[in-house]
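Colleague: I am attaching a structure below and will ask some questions about it afterwards.
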Amino acid sequence: MTRANLILIALLVVVVPLSLLAGRVWVDPAVTPNAIPILAELRLPRAVLALVVGGGLGAAGAAMQGYLRNPLADPGLFGIAPGAALGAVIALYLGVASAILLPLFALIGAGGAMALLALIAGRTANPAHGIALFTLAGMMIASLAGALTSLAISLAPNAFAMSSIVTWLMGALTDRSWADVMLAAPLTLAGMLLLWLAGRDLDAMTLGEDAARSLGVRPGRLMALLVLGTGLTVGSGVAVAGIIGFVGLIVPHLVRPLTDKRPSSVIVPSALAGALLVLVADVVCRILPLVTELRLGIALSLIGGPFFLMLLLRMRRGLA
Amino acid sequence: MTLEVRGITIANRLEAITTALQQGEIIAICGPNGAGKSTLLAALAGLLDVDAGEVLLDRDPLSALPPRKRAQAIGYLPQSGEVAWDVSVASLAALGRLPHGDAGKFAIASALAATDMSDFAARPVSTLSGGEKARALLARVLAGTPRWILADEPLAALDLSHQLNLLKVLRAQARQGAGVVLVVHDLAVAMNHADRVLVLDKGRLAADGKPEDTLDAETIARVWSVDARWLGQAGERALVTQS
């Protein structure tokens with residue numbers, strides 16, 4: 001167990017119980033009426049979902065940065081989150097967005113983006129072009145899915161459908177149930193396992209693609225692990241919570257200094273820190289005294305944007 | 001213990017190259033820019049698909065070997081010198097153990113000692129000088145205890161003393177039985193330090209043999225279009241060009 005993992009697990013042990021008590025109504029199990037049902041049916045599934053979604057985004061971000069050897073990579077770049085969002089938006093557009101169908105549509109969207117990505121980038125004659133092709137294909141899928149999502153919004157049959165699409169896209173964990181947890185948790189865990197399995201190959205990628213291949217890395221296998229791994233983690237995250245940005249980008253930066261900086265050593269702490277970040281951000285959304293609850297996606301972008309600018313300023317100073 | 005190429009051809013880059021390399025020697029690949037030196041080295045490392053011919057490691061086709069088996073036998077040092085993350089020298093060297101899937105503490109310690117980097121084990125790569133980084137990258141290759149060390153211009157960007165230092169390490173590896181194949185631009189380095197030289201010209205093997213035979217004035221004039229002659233004794237020759 002590394003230092004980073006120990007620190008993060010200790011923080012989670014403290015924060016998870018506290019998060020259950022925090023909200024518009026602060027729950028005191030001894031005093032609050034209906035405390036047990038509130039905790040068991042509302043707060044606990046929401047907290048578990050925050051951990052699952054955040055953990056998946058953190059792990060996917062760490063793996064993507066390792067693969068592209070670029071600290072600015074984000075799982076959103078590869079079209080999987082936009083693909084999942086498009087699936088969900090289609091469900092909302094068609095008015096079939098039930099608690100089961102919406103995540104299902106989102107998963108189909110994520111799967112479609114993954115398949116397209118694998119189809120385009122998976123069979124290159126020259127393996128040295130794999131990553132460039134992968135990135136370009138991902139970006140094109142992302143912008144295509146984004147354009148189709150905008151199209152769905154502009155063609156929305158009524159104001160209600162339009163508002164529900166726009167609101168959903170902002171990302172939130174409000175009113176989620178155990179059913180969402182049951183859907184997202186196994187898929188995210190499976191995805192995280194695949195990303196973890198890619199760890200050693202990602203370490204080899206530190207030396208560049210040619211050196212990695214000379215160390216026995218099979219580029220096709222690595223790409224398959226990453227496409228499936230991010231597809232499952234990010235896709236199921238978007239399916240239950242909408243678009244939640246910045247976590248995959250920021251979290252690996254936060255934990256990297258606590259590790260020995262090999263990509264494989266960043267994945268697990270990033271999952272833990274992502275879980276912590278989304279949980280805390282969700283609690284902040286709940287307790288802010290606003291008329292309507294702040295959307296989690298907006299909150300994370302509001303925290304993440306300035307934070308990232310600060311990081312860049314520090315990097316610039318380091319480079320100067 | 002041979003690494004052999006039989007008629008390998010890669011469109012527009014290499015044409016029907018055939019040669020067999022022996023372990024225990026330092027083999028320099030020389031040639032003008034674009035002659036196909038790096039391509040031949042990458043093909044020897046099993047990293048390229050060839051259009052015709054094959055690369056054989058101890059008589060087995062390299063392409064049929066599982067990637068990890070191949071990686072255990074052949075260590076490849078690309079020219080880029082890329083280290084994407086600011087890992088420690090020890091972590092960098094440990095990457096050489098990936099094909100073996102073990103911690104390989106002894107091999108890593110030996111590799112760091114051989115490259116004189118033991119004292120730098122905990123240092124982040126970003127704090128190293130150019131010469132130290134080159135040694136750390138070589139330590140990564142040595143940590144994998146490969147039978148073949150293939151390095152693409154490992155001496156480029158190194159000053160004279162660091163060049164000699166690295167050559168000393170490579171010579172020691174060859175003495176211990178490794179086959180060392182280097183892409184080298186400096187013909188004097190090839191002349192004085194290699195046991196054998198492959199001269200490439202426009203994708204073809206123009207000369208193959210002992211340095212004195214392959215890097216003679218006539219070959220240099222033919223391949224590089226430069227009039228030059230060697231001065232000095234064997235082992236310490238200098239190349240003088242005439243313009």
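Keep in mind that glycine also has a Cβ here, set from the backbone N, Cα and C atoms.
The following feature annotations were taken from TrEMBL:
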type	residues	note
TRANSMEM	A:46-64	transmembrane segment
TRANSMEM	A:76-94	transmembrane segment
TRANSMEM	A:100-119	transmembrane segment
TRANSMEM	A:131-149	transmembrane segment
TRANSMEM	A:181-199	transmembrane segment
TRANSMEM	A:222-255	transmembrane segment
TRANSMEM	A:267-289	transmembrane segment
TRANSMEM	A:295-313	transmembrane segment
Colleague: Is the count of Cβ pairs under 8 Å between the transmembrane segment (A:46-64) and the transmembrane segment (A:131-149), pairs 6 or more apart in sequence, 3 or more?
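Modeller: No, the transmembrane segment (A:46-64) and the transmembrane segment (A:131-149) are not in contact.
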Colleague: Go through A:131-149, A:181-199, A:222-255, A:295-313 and flag the stretch with the largest number of C-beta pairs under 8 Å relative to the transmembrane segment (A:267-289).
Modeller: A:222-255
Colleague: Do any residues of this chain, six or more beyond the ends of the transmembrane segment (A:222-255), have a C-beta under 8 angstroms from a C-beta of it, and if so which?
Modeller: 4, 8, 49, 52-65, 67, 71-76, 78, 80-85, 87-88, 102-104, 106-107, 109-111, 113-114, 117-118, 121-122, 130, 134, 168-173, 176, 180, 183-184, 187-188, 190-195, 197-198, 201-202, 205, 266, 269-270, 272-274, 277-278, 296-297, 300-301, 303-305, 307-308, 311
Colleague: Out of A:76-94, A:131-149, A:181-199, A:295-313, which stretch touches the transmembrane segment (A:100-119) the most, going by CB pairs under 8 Å?
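Modeller: Looking at each of A:76-94, A:131-149, A:181-199, A:295-313 in turn, the most contacts to the transmembrane segment (A:100-119) are made by A:76-94.
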Colleague: What parts of the chain pack near the transmembrane segment (A:181-199), using Cβ distances under 8 Å and only residues at least 6 beyond its ends?
Modeller: 45, 48-49, 52-53, 55-56, 59-60, 62-63, 67, 103, 107, 222, 225-226, 228-237, 239-241, 263-264, 267-268, 271
